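Trainee: Mind looking over this structure? Questions follow.
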Amino acid sequence: MIDYERSNTTKNINTHHHNPPPSSSSSDLLPDGNGTAVTQKRKRRPAGTPDPEAEVVSLSPRTLLESDRYVCEICNQGFQRDQNLQMHRRRHKVPWKLLKRETNEEVRKRVYVCPEPTCLHHNPCHALGDLVGIKKHFRRKHSNHKQWICERCSKGYAVQSDYKAHLKTCGTRGHSCDCGRVFSRVESFIEHQDTCTVRRSQPSNHRLHEQQQHTTNATQTASTAENNENGDLSIGPILPGHPLQRRQSPPSEQQPSTLLYPFVTNGSIELQLLPSRNCADETSLSLSIGTMDQKTMSEVEKKSYEKGETSLEREEARRETKRQIEIAELEFAEAKRIRQHARAELHKAHLFREEASRRISATMMQITCHNCKQHFQAPAALVPPPPQTHCTDESTSLAVSYMSSATTEGEKASDRASS
């Protein structure tokens, strides 16, 4: 394992605490009113108050910046945690006696202090109880080497876990406050909301905005009811026991009919919507709007129809192109097949030619007379090679003709020599 620098002397945190907290490893017995002993429940120690009996370890900055703190003594593979190293050792299948620690050694808990003198965690009273924690703290606060850089926002991180957490929220708004600040961590966002001044002044403004919005909605509802289809409704408070009544107006009257309700005399608010005086103007306006809507709809339908035709033409052209590509691929495959067949025929013709020449040479070697052999070698060289389409029978007949001529000439030469 890699050696690490400890403090010159093993410090006891009891000397730095005025009132040391009780140890979490021991359970105190408190007497109750009857004198019986009651076991005190163990409480979790708050952050920054380590165990007073723990061993204080001070590591050098070089050791804290190392990526692999624990190294296997068998294969020299490094790990960041001791638990990972112990799990790795089991894979080597080493006998348990070699891995078992000596029972005489007393295992003490260790706490780690920051080597930076100006840091809060340099004091043993605020030491960190985890090696990974002190390494992350030193890299975040006291190291300028930011190894992991975000490709989107070019923000650098010295700790890989912080970089991975940033990647999950990078490119999004994250947790945004009303003051404009954006937080990637929920904890930081909650802490900021507790101290944000903009959020405190928001409820009163929000209530005022709700009141204004409620008034606006009521006004819009009244104006919408005035522009209804009939234009002759008069809405008032309906009292129980009084049915709705409609007054029938003669045809000569131009005013539209209204609904009559008994009015309330106790001073309550009455919402009464009367028809507008310019009823003819409203009718003409609605007709003109309807005409414009029809024109707009016709234009939209025409454009959509043109777009549909264009899309159909494009689809048809795409299909035709695809069909032509398939035909070209088939023709190319057929051409490749014809070429391979032609190559095979040419190879067969070459083989036939070589076989014929070999047989002719073998026949000429059987002639015993040296003069005749030289005499017939020259005409054989001048004979053109057989065409590629000749078969084996033609080459054989040619070789037989050469043999017969050679035999005849040999007999004539022997007769001359004997005479």
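Glycine is no exception: its Cβ is also placed from the backbone N, Cα and C atoms.
Below are the features I grabbed from Swiss-Prot:
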- CYS150, CYS153, HIS166, CYS170: Zn(2+) 1 binding site (BINDING)
- CYS177, CYS179, HIS192, CYS196: Zn(2+) 2 binding site (BINDING)
- 313-349: coiled coil (COILED)
- 213-230: compositional bias 'Low complexity' (COMPBIAS)
- 246-259: compositional bias 'Low complexity' (COMPBIAS)
- 1-58: region 'Disordered' (REGION)
- 185-197: region 'SHR-binding' (REGION)
- 200-259: region 'Disordered' (REGION)
- 298-318: region 'Disordered' (REGION)
- 70-92: zinc finger (ZN_FING)
- 112-142: zinc finger (ZN_FING)
- 148-175: zinc finger (ZN_FING)
- 175-198: zinc finger (ZN_FING)
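A description of the local structural setting of each listed feature is requested, covering burial, neighbours and distances.
Mentor: Residue density at HIS166 (Zn(2+) 1 binding site): 19 other Cβ atoms are found within 10 A of its Cβ, drawing on all protein chains shown.
Over the region 'SHR-binding' (185-197), the average per-residue pLDDT in this prediction is 83.
Broken down with DSSP, the region 'Disordered' (298-318) shows 21 helix, 0 strand, 0 coil.
Residues of the zinc finger (70-92) grouped by DSSP class, helix first, strand second and coil last, total 11 helix, 4 strand, 8 coil.
For the zinc finger (112-142), residue counts in helix, strand and coil come to 18 helix, 3 strand, 10 coil, using DSSP.
Among residues of the same chain six or more beyond the zinc finger (148-175), those with a C-beta under 8 A of the stretch's C-beta atoms are 136, 139-140, 182-186, 189.
When DSSP labels each residue, the zinc finger (175-198) comes out as 12 helix, 4 strand, 8 coil, counted as helix, strand and coil in that order.
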Trainee: Return one of helix, strand or coil for HIS166 (Zn(2+) 1 binding site), based on DSSP.
Mentor: helix
Trainee: Let me know the most crowded of the binding-site residues, choosing from CYS177, CYS179 and counting other Cβ atoms within 10 Å.
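Mentor: Highest number of other Cβ atoms within 10 Å: CYS177.
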Trainee: Of the binding-site residues CYS177, CYS179, HIS192, CYS196, which one has its Cα closest to the Cα of CYS170 (Zn(2+) 1 binding site)?
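Mentor: Result: the closest of the binding-site residues to CYS170 (Zn(2+) 1 binding site) is CYS177.
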